[in-house]
Structure formats: structure tokens, C-alpha cells
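Features as listed in Swiss-Prot:
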CROSSLNK  Lys24  ubiquitin cross-link
REGION    108-285  region 'Interaction with AXIN1'
SITE      Lys112  site 'Interaction with DNA'
REGION    249-287  region 'Interaction with E4F1'
CROSSLNK  Lys284  ubiquitin cross-link
CROSSLNK  Lys285  ubiquitin cross-link
CROSSLNK  Lys344  ubiquitin cross-link
REGION    352-356  region 'Interaction with USP7'
MOD_RES   Lys363  N6,N6-dimethyllysine
MOD_RES   Lys366  N6,N6-dimethyllysine
MOD_RES   Lys375  N6,N6-dimethyllysine
CROSSLNK  Lys379  SUMO cross-link
Amino acid sequence: MEESQSELGVEPPLSQETFSDLWKLLPENNLLSSELSLAAVNDLLLSPVTNWLDENPDDASRVPAPPAATAPAPAAPAPATSWPLSSFVPSQKTYPGSYDFRLGFLHSGTAKSVTCTYSPALNKLFCQLAKTCPVQLWVSSPPPPGTRVRAMAIYKKSEYMTEVVRRCPHHERSSDYSDGLAPPQHLIRVEGNLRAEYLDDRNTFRHSVVVPYEPPEVGSDCTTIHYNFMCNSSCMGGMNRRPILTIITLEDASGNLLGRNSFEVRVCACPGRDRRTEEENFLKKGQSCPEPPPGSTKRALPTSTSSSPVQKKKPLDGEYFTLQIRGRERFEMFRELNDALELKDAQTARESGENRAHSSHLKSKKGQSPSRHKKPMFKREGPDSD
């Protein structure tokens, strides 16, 4: 068989050759050649890095270290917003001035349906949020041209007077009552007056609204300004149930004071109910009523027989008073009235004394004689009694 293949000149297949024959078939520049040593490989790969470090030794220290796999730190809470305190506390004392400046309010009851009501006994205005509150301005003579009316709110209690009265964060961000004219943090607004200016004092940080003074219309004796209070008295982050005062000042064009007046304000959901409750508590405590300024047009409290408690009659005291009366005829009238009252008191005292003596006499007589209706009881002794 072998002789026949050699004779025909056919070469055996590659799989039948030896390994040494296959090794010799590889090219001479093979990468797997034994002539390529490990040192040559290191020089080929590491020489660029070595040259860069030799040329820039300072940059090697600035090579950033790989970031460490640490847990993310919790976010720090946002700092609480602290509003600046005001170093200026405006006066709240009533000052009529040379123009006899005073305030007036419309008469309104204590029904649940009212949205704004004023209590003369408390000198306090009760109103709902963003509802119309008419305030009347009275003067004895027209002020000079350029006179302005300023409204500013301050806290009533002394421990909060340095804080600026502003709306709560909820109502500041709310767009329900935004008119685009007043800043969102202002509490007091003027309704229906495009000439109103809302001012933020850079020194005192206080908010105020200023409108030009307009003389009364024909047939009217006073000027009326409609104010709105844009936050409830119970709002957290705002007034927070702290009572406030609204100061109304009359100023000339240069800012000089011409008159001042003030009143307390409570912004609530039911003004009529709150006014009735506070007036009843006020009468129970027996506190002295704050006197309105002289010549004020503030309405008097309507007499109510249901809410006011019945006052007990006090006993007569022994004090004497002197009353100066002008005119002889009026003096005789009061003298006769006084004599009649003295006679009545004497008769009352005499009758009470006689009744007291008669009642004591009857009691003593009853104690001495037995009653005629009662029969005397005797003890009978029988034959069986021992």
C-alpha cells in the first residue's frame, strides 16, 4: 500500500506530520518567540508612565484617590425662618390734634350672620377674613392738601410689641385673596382704592398702608375707608391668638402727625358670637370700660335684657354728696325730689321696724301658751299597769 502511494507521488496529510515539523512552519517574528523576554514587556508597557512621573513630580501628589463607598449623609433640616424684630414701637395713645381727629364705626348687632361688628365697650372690632370693614374718619375742619391716612397693626401685649405683625405662611402662599397690588405678607389692605401704597419701612421693618385723605362727599359728615384683614387671629405662624391693635394716623404731606386713634381687632369665623361672649365676660369681671376719646362718634352698646345680668340693689350708705344745680326753679325741683325720697326711706325703715317687733312679739306669745288645737294627753293607769 505504501509503495503504491510513493509511486503515485501523493504527500501524506498534515495531521500525520510531527510536532517539530509544524513548529518550523511558524514565521520567525512570532510574538510567542523565546527571544521576547519579560523585561522587554515591562519596558514596553510601563515606560510612558515612568517618564510622565519623572517630568511632573508635583502632579503625582494631586492624583485623586478613588472615592470610598460610604453611605449618603442625611440632609440637614432647613433653619427656621426668624423675622427681624423692630426697634421702634409706634404710640397708640389717642391724639385728636388741632383737627379733632376721631374714628367712627357703623352700628351692627351680634347676629351670627354679621361679617363685621364693633364693640364700643371693648373698643374692639370683630371681623371675618378678607371681609369689608368700614372705618369712618371724622375731623372738625378740613386738613391741608396732601394729607394722608396711614393704617398699621401692632401687637397689644408688651412682650410682643417688638415683633412685626404679618400674615401666616399659609395665607402668604395662598392665591385665593391675591389682588396683585398688596404684598402677600401685609395684613391690612384697603379695598377699592387704587391709590393705596403698601410700605415696608427699612429701619423698623413694619408694614403699613397709606391712602390720600379725601374730603367727605356732599351730604356726608365723614370720610369712610374700607379695610380688609387678610389673616385670622388664630393662625399658627402669624398672629397665633395674640391680640393686635390697628393704629390710624392722619399725616401731612411731609409725614408730620396731625392726629392718631386706635382700636383692637379680632379676625375670626363668627364675629357676632365672639363679640357677645367677650362682652358678657367683660361685664362679669366688672372691669372698667375704656373711655372713648372726647367727641368720638363710636356707637353705644344696645341694651339687651337677655344677655346682661340682673344687678342686685345695693343697700343705702351713709355718704353725702354735693350737687351744683344752675337755676332756682331746677333747684326747687331737685329739692322736692330729694325730700320725697328721704320721706320714703324713713317710712320704709319705720315699717320694717314695726314688722320686726310684731313678729318677735308673736314668736314669744306662741312660745308661752300652748296651741288651742292640740289636746292635752294624760296617762291612764289601769288595773294591769304596774
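Glycine is no exception: its Cβ is also placed from the backbone N, Cα and C atoms.
Projection of Swiss-Prot feature records onto the structure.
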{"residue": "Lys112", "record": "site 'Interaction with DNA'", "CB count, 10 Å": "9"}
{"residue": "Lys284", "record": "ubiquitin cross-link", "CB count, 10 Å": "9"}
{"residue": "Lys285", "record": "ubiquitin cross-link", "CB count, 10 Å": "7"}
{"residue": "Lys344", "record": "ubiquitin cross-link", "CB count, 10 Å": "10"}
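Distance noted between the C-alpha atoms of Lys285 (ubiquitin cross-link) and Lys112 (site 'Interaction with DNA') is 24 Å. As a summary of secondary structure, the region 'Interaction with E4F1' (249-287) carries 15 helix, 14 strand, 10 coil according to DSSP.
Taking the C-alpha positions, the distance from Lys112 (site 'Interaction with DNA') to Lys284 (ubiquitin cross-link) comes to 22 Å.
Cα spacing between Lys284 (ubiquitin cross-link) and Lys344 (ubiquitin cross-link): 32 Å, rounded to the nearest whole number. For the recorded site, Lys344 (ubiquitin cross-link), the DSSP three-state label reads helix. For the region 'Interaction with USP7' (352-356), the predicted model reports an average pLDDT of 72. Helix, strand and coil content of the region 'Interaction with USP7' (352-356), in residues and according to DSSP, is 5 helix, 0 strand, 0 coil.
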